[in-house]
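Take a look at the structure below.
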Amino acid sequence: MGISILGAGCCLPQQEVDNHAFESFIETSDEWITTRTGIHCRRISDGILTYQMGAEAARQALKDADTAPEEIDMVLATTVTADTTTPSLACLAAAEVGIKTAPCMDLNAACTGFVYALDVAEKYLSTGSAKKILILSAEMMSRIVNFKDRSSCVLFGDGAAAVVVGPSDKMYHSWLACNLDGRYKIFSKATNSENPFRKKDFDWPEEVAEMQPGLMEMAGNEVYRFATQAMPEAVQRCCEKAGFTPEQLDRIIPHQANLRIIRTALKHLGLPEEKVHINIQHYGNISSACIPLSLCEMKRAGELHPGDKICLVGFGSGLTYGAAVLEW
Ligand code: UT7
């Protein structure tokens with residue numbers, strides 16, 4: 001049993017922020033950001049909420065899939081930057097598009113979220129528990145980015161993308177993992193309410209004790225090293241499960257964290273850049289929304305053809321990583 005992507009949609013905030021815009025408040029340059037990351041621009045929310053971006057992406061995906069809201073059996077949302085702790089992003093976005101009773105839940109696997117969600121969806125579809133599932137990935141990274149930290153604030157952007165998936169007999173395989181030794185390497189503490197009963201500070205592990213709640217901190221170099229080996233490993237292992245080699249893939253859709261990470265991963269795999277969809281220059285890193293956004297762009301551009309073997313591969317906080325290969 002496999003999975004069929006029936007429709008896709010996306011939504012990006014209107015505000016476009018180029019690298020020069022950072023030069024006025026941190027010590028950086030367009031040249032540094034471009035050469036070290038490949039990023040030229042990103043979109044940053046000027047008021048639109050995460051669930052509103054998710055809902056717009058979902059609306060487009062439903063339309064593209066020619067699917068009515070009532071036909072959706074489940075909504076899976078992926079995010080690390082929901083507007084609310086409760087209810088879920090999935091509930092808020094689904095209600096906006098007219099879904100009334102389908103089960104809705106959020107899944108947090110950071111930037112690997114879409115790959116994880118696709119895998120969960122495939123399990124529901126393959127058992128017949130669901131016929132159509134809406135997966136929406138929406139992120140407002142600007143909500144947790146520390147704009148005083150030049151090594152991370154230039155990397156991220158906001159946006160959302162969604163797909164409607166259904167069962168199919170086409171090929172599908174996945175390989176998911178975590179490297180939990182790296183769990184503190186990309187970290188953002190929850191904020192806390194005032195509480196008259198708590199007299200002491202929380203006893204956080206010393207690695208993260210000094211971090212400020214609500215802001216993200218990242219050990220960039222260590223994540224970089226992890227990513228350059230994790231992405232090739234995930235692609236290789238997933239292809240192994242599928243019974244072919246990475247060279248036999250037609251397209252690779254990687255998480256967009258740094259152009260240099262993508263290029264190094266490709267080099268390890270011995271694959272040419274033409275097989276890879278790259279849009280980091282326009283949007284930066286939108287966490288779990290990167291991969292479905294690429295899917296949406298490629299689908300709209302007619303770049304995916306029936307029978308193509310495509311590989312989605314991501315890594316992120318956790319440190320989660322993983323890949324899925326599917327036939328288009
Ligand atoms: O979804 C997953 C999330 N995260 C990632 O994927 C991040 C992975 N890591 C990376 O992409 C890279 O490690 C970074 C882009 C974060 C950093 O690039 P790098 O080439 O590894 O630079 P570096 O950290 O080794 O820093 C080199 C220099 C340092 O200055 P000194 O100490 O050599 O004087 C940094 O302070 O570059 C400096 N630097 C900057 N300079 C100008 C760091 N950020 C900036 C900046 N502008 N924005």
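Placed from the backbone N, Cα and C atoms, the Cβ positions cover glycine too.
Just so you know, TrEMBL annotations are computer predictions that nobody has curated.
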Examine the ranges 86-90, 156-160, 256-260 and name the one recorded by TrEMBL as region 'ACP-binding'. 256-260
Taking the Cβ of His255 (active site) as the reference point, list residues of the same chain whose Cβ is under 8 angstroms away and which are at least six residues distant in sequence. Cys111, Thr112, Met231, Asn285, Cys290, Ile291, Val313, Gly314, Phe315, Gly316
Taking all residues of the region 'ACP-binding' (256-260) together, what is their mean pLDDT? 98
